[in-house]
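Okay, structure first, notes after.
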Amino acid sequence: MTAIVRPRPMLLTLALLLVLIVWLSLALGPVSLPLRETLLAGLRLLGLSIDGDNTQQAELILGQIRLPRTLLGIAVGAVLALSGVAMQGLFRNPLADPGLVGVSGGAALGAAIAIVGGSMLGGMAPAIEPYVLSACAFSGGLIVTAVVYRFGRSNGQTNVATMLLAGVALTAMAGAGVGLFTYLADDATLRTLTFWNLGSLNGASYQRLWPLLIVTVGVALWLPRRAAALNAMLLGESEARHLGFDIERIKLELVLCTALGVGAAVAAAGLIGFIGLVVPHLMRLLVGPDHRVLLPASLLAGAGLLLLADLIARLLLAPAELPIGIVTALIGAPFFLFLLVRGRS
Amino acid sequence: MLRANNLAVRRGPRTVLSNIDIQLQPGQVLGVLGPNGAGKSTLLAALCGELAVSEGSVSLEGRALADWPGQDRAKRLAVLPQSSSLNFAFSVNEVVGMGRLPYATGRVRDAEIVAEALRAADALHLAGRSYLALSGGERQRVHLARVLAQLWPGAEGQTLLLDEPTSMLDPLHQHTILQAVRDFAERGAAVMVILHDLNLAARYCDQLLLLQEGLPHAYGPPAEVLTAEALAAVYGLEVLIQQHPERGHPLIIAR
Amino acid sequence: MRMKTLLACTGLLLSQLASASEPLPQRWVSAGGAFTEWVVALGGESKLVGVDSTSQYPRSLQKLPGVGYQRALAAEGILTLKPDILLGSNEMGPPPVIEQLKAAGVRIEMLSATADMPTLQHNLNQLGQLLGKPAEAQHLMDSYSQRLKNQANLVSQAQQHNAAPRALLLLSHSGGNLQVAGKDTLAAWMIQQAGGNSLVEHLGYKPVSNEALLALDPQVIIFAGGRLQGDEARAALLTQNPVLGQTSAGRDGRIVVIDPTLLVGGLGPRVPDALADLTKAFYPDSQVLTAEAKQ
């Protein structure tokens, strides 16, 4: 298969852009560090012992605040974009969003249970609070997705349309659950819930990073192995079957990748919209619909875009910061409208 | 060789297809005819494993269809559905290239085959275009090229199932496409094609199966199947049957 | 009482010991409305370099850089302010950010926002030490408890002649739905302290239907709303919620407007004043109060 655009230069460009954005994400922040100090601190963090200036503060900011945050941003952006590609392939619809299979709704419900339930039980120890929240959000997403998938199954086959409708219904039910907990919440927990729903990379730490990193690496390695199958799926399910693909298995894998990926991302950073929808869409315009190029391109662009949004989120109102979900929606929604209008003319 | 033994398909209490015993012979084109709802597409779906059969069996090369591993089956059996819902901006080359997904023949060989299949479907000039920018007839030819590429160059042991491949084509392309299918069959593959145009069927098919309400009404060479009585019985259509002055196959003229 | 003085003295002693061993924090970030007010009351406003979104009072604080909501703080943002200390309630977070700030050498001072006197005593003690003004802190504490005690006396005197009025606190932001303060809120505590009869059984701030409002039939409505004050706020409340006009409070025009920032973050320095106002509104005819007010 030969693509219309030459994919390699495009992927290379995206990779270089990501490197640049990663550099910005490490070098910029509310605290302005001199370039020399940043570099020295970076080298020291890499284990090189360089004598000279006192870079303790820079090392701390770089190593304990910006680096975990940047890694979190890369992982969340990449896995959301990849899941978006997987869902748009599964539903053969360029407007599909990873949330369609209920994973976001379920995760939100899990988080609401953790935040509000935890506070009603008299509060949790601050040390375990984030872990409980992540675990609840992750399992909430997984459980609801499993139920949605179950509804889509009949006679050993998965009906994607039924799954879509089940996803809508269960997301609405999860929304009602969140509403109930919102009602039960006191003022402070209510605001925590609201903030969680807007997402943030704030408070990234290595301890909470690794589950997401493992899932992201897993999804990023697994989905490209299914690139050919995803291409065939776009022709239609029976066409893909006639081309020799075990599509029931592929569908299960796609749903599983999305549930794990989005679940882990949401558990680590809250609900962040539009990346999963806009990035695959945009990349399809740039590199074409061939998943062998689209998947790596979306991974790179998703990571880059999320880091960029996070930079805005933490710089705009410094020393306070904006929830990143606001930034991605504010950039994503108008951009999406632009694509719609352009596509129409 | 694809073989159906005493095939029956039921949907709920209704039997939509039964008593089907057919063999798709290497090098031959089998045409399936019948009015709307006679069970033509059901037959095709049952033959390619898309629909579970209620009775009887389907075998490919002497082996039950379901026992074939997906990729091996894809190298022997290609199916062109009536319509496609592809809604993504692949290039024509990419769409036809998907026919090569079951193979690992390499980029260079695949590109050659894609070009040959496109030429056979008279669509080589569309190669670099975006699929979404094509007309309905052009898309139909591209998909035909795709299934041809899946079995290219076509040999004994391979089977091609086509569901109304000419439904959106202009008269010239109806002929060029069916001629391409014939040429393909000549290289050894077995072909089954669902058609509505009786004269096209008479001209390009070696065997015809005339279906009526899920039952085979007639099965044999065109001259035996396309009789005025049979067509009156199945379609309720009064026709004159003559011989093509140059080619000798039956020519059907409505009265 | 003697016990308390003893405690205070010990605190004073300890604070002097502490101040001898380490320098007092000079740059303060405060994330909690009531705590910020106490810092200001103790003369520490010039040491504040940043405040959170709940620190709305006094208004002069709004010139300071904002660090966002107390439960969604940003480590690096706060570090730009080069603070020595971050003051806040034990709800302050998220926890990883607090850890990062600690690692960066910022002293984290978490105080309880529980609305009771022992907590306040402890908090003021702590703030007094950290600001190097333990005596002033103790003085503030003593006069605070004295005022509350006077308040309690006034209320019990007033209640000899009048029944406690049924009171309800309504919270509304920018004309949104009315929410009624529940029995576990600072608002309910204030109603009790001011001698009112708090009507509600629910917890937290909850929307309540019009019919339920009519059934509760409060004699006094305390309204904590947005920017409007006094008569304007009263008029706006009645226009937006005509049903309130059908309650006793609405008919008699007994609607008290208070600043909603009073209700956030525990007992603040403005609470005694607010309580006095409330008591006045609860018992408008009481002789004792009029006499006391002139004091």
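Glycine is treated like the rest: Cβ placed from N, Cα and C.
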Among ranges A:33-51, A:299-317, whichever one TrEMBL labels transmembrane segment: A:299-317
Stretch carrying transmembrane segment according to TrEMBL (options A:4-25, A:70-91): A:70-91
Other parts of the chain folded back onto the transmembrane segment (A:103-125), taken as Cβ under 8 Å at six or more residues beyond its ends: 132-133, 135-145, 170-175, 177-178, 181-182, 184-186, 188-189, 192-193, 196-197, 258-259, 262-263, 266-267, 270-271
Stretch contact, the transmembrane segment (A:131-151) with the transmembrane segment (A:163-185), Cβ-Cβ under 8 Å, 3+ pairs: yes
Other parts of the chain folded back onto the transmembrane segment (A:299-317), taken as Cβ under 8 Å at six or more residues beyond its ends: 11, 14-15, 17-18, 21-22, 24-25, 28-30, 69-70, 73-82, 84, 200-202, 220, 272, 275-276, 278-279, 282-283, 323-324, 326-328, 331
Long-range Cβ neighbours of the transmembrane segment (A:254-279) (under 8 Å; 6 or more residues past either end): 72, 75-77, 79-84, 86-87, 89-90, 95-99, 101, 103-104, 106-108, 111, 133-135, 137-142, 145-146, 149, 163, 195-201, 204, 208-209, 211-212, 215-216, 218-219, 222-223, 226, 230, 298, 301-302, 305-306, 323-325, 328-329, 331-333, 335-336
